[in-house]
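Novice: The structure under discussion is supplied below as structure tokens; questions concerning it will follow.
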Amino acid sequence: MELRARDHVRGLTAVLTVLSLALVFGAVLGAIPQGAIPQASDTVLNAIPHANAAISAVAIVTILAGVRFVRRGEIQKHQRMMLASFGLFATFLVLYLYKLVVKGTETFPGPESIYQFVYLPTLAIHILLAIVCIPLVYYVLLLALTRPISEIFDTQHSRFGRVAASLWLVSFVLGNVVYVLLYVVY
């Protein structure tokens, strides 16, 4: 019996989503022991938020370019941009989770009113969108990777892709707003 990924996109999406969210929540809740991964220098750890802000900015550009290319019918360019976006997202996530496990979360240094009415709502929406995006991005990615371009139009790829790209884009933008509040403004 041959197992084909294209026949199990929903199941693979579910498995990848559960594994990804388990890793993220494991890191956030401290379930991953700090000693289980190598310790970087403070210079490297302090550079990660800045690197991630740059990665997010590039991802915003690649997502927008991918949307533009697909609207123009330039499918291969769209495909390259969205694969680049996923690669940037994966890089961002690895760096973020590494810093989180090794150093923990950052404390907001600004005024309490900004913390309560700007920072926390922005962070909450960013996190919620990031969580919602994970299965959507996996689903459209797996549809795209398991079919020739000519067959993708017969799937839910474009329908879910529009939603995934929109939410993913907003999540990246809000992530950079959080970065600016933590590291630039305050």
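Each Cβ is built from the backbone N, Cα and C atoms, and glycine gets one as well.
Keep in mind that TrEMBL annotations are predicted by a computer and have not been checked by a curator.
In case it helps, TrEMBL gives these features for our protein:
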type	residues	note
TRANSMEM	12-32	transmembrane segment
TRANSMEM	52-70	transmembrane segment
TRANSMEM	82-98	transmembrane segment
TRANSMEM	118-142	transmembrane segment
TRANSMEM	163-185	transmembrane segment
Novice: With Cβ distances under 8 Å as the criterion, find the stretch in 12-32, 52-70, 82-98, 118-142 that has the most pairs with the transmembrane segment (163-185).
Specialist: 118-142
Novice: Below 8 Å between Cβ atoms, which of the listed ranges 12-32, 82-98, 118-142 makes the most pairs with the transmembrane segment (52-70)?
Specialist: 82-98
